[in-house]
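Notes follow the structure.
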Amino acid sequence: MATQIGSFDTIQMENLYTPSKNHSKHQQPGSISKVRVIIRVRPFLPHEFSSKNSNPISCISLLNSESVPSGDEVTVHLKDPETSRNECYKLDAFFGQEDKNVSEIFQREVSPLIPGIFEGYNATVFAYGATGSGKTYTMQGIGQKIASYIIEQREISPLKSLNDLEKIGLTSKQVHNMFGRAARGVFE
């Protein structure tokens with residue numbers, strides 16, 4: 001499993017069904033799924049241009065980059081001269097520094113999961129990475145698209161009951177309250 005290194009974040013998607021490689025069909029109920037690991041490399045920040053010369057160098061590169069379209073399974077090479085890291089990781093998908101990547105991540109990785117929610121499947125999308133690696137930027141962009149898409153899908157394929165609405169996900173307030181109760185040792 002790949003982890004956050006340098007100035008990129010890892011987005012992991014876990015679901016009870018996994019769309020096929022081209023995301024066109026669901027697997028059969030009860031089938032085994034996997035966690036998909038993708039990386040979105042955030043663009044350099046303005047202070048990174050001014051702090052180290054004026055030309056920052058990315059510490060991540062694709063192996064065989066000319067034959068791998070954005071979003072496909074890839075092997076990345078991490079070489080960070082500041083930490084002497086020199087490692088390779090195989091990932092389910094890679095998205096570079098372009099701004100359009102949040103939309104592309106949503107279209108290729110997240111939107112195929114949403115119809116399954118209305119069929120009773122679970123889906124989870126989360127971002128992992130160091131402070132400043134682009135998690136909030138990525139998830140906020142995806143979150144807005146998810147909300148719009150769920151509303152559209154609900155009109156096409158309504159939930160079975162109002163109680164099903166609670167199964168769509170956790171709010172940040174619910175997560176905060178849950179960890180607060182865990183810290184106090186109080187669960188109902």
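First residue shown is number 1, and so on along the chain.
Placement of Cβ uses the backbone N, Cα and C atoms for every residue, glycine included.
Where the annotation comes from TrEMBL, it is an automatic prediction and has not been curated.
For Ser133 (ATP binding site), the number of other Cβ atoms no farther than 10 Å from its own Cβ, over all displayed protein chains, is 21. The DSSP secondary structure for Ser133 (ATP binding site) is coil. Annotated ATP binding site per TrEMBL: Gly129, Ala130, Thr131, Gly132, Ser133, Gly134, Lys135, Thr136, in sequence order.
The domain 'Kinesin motor' annotation in TrEMBL covers 34-188.
The most densely surrounded of the binding-site residues Thr131, Thr136, judged by C-beta neighbours within 10 angstroms, is Thr136.
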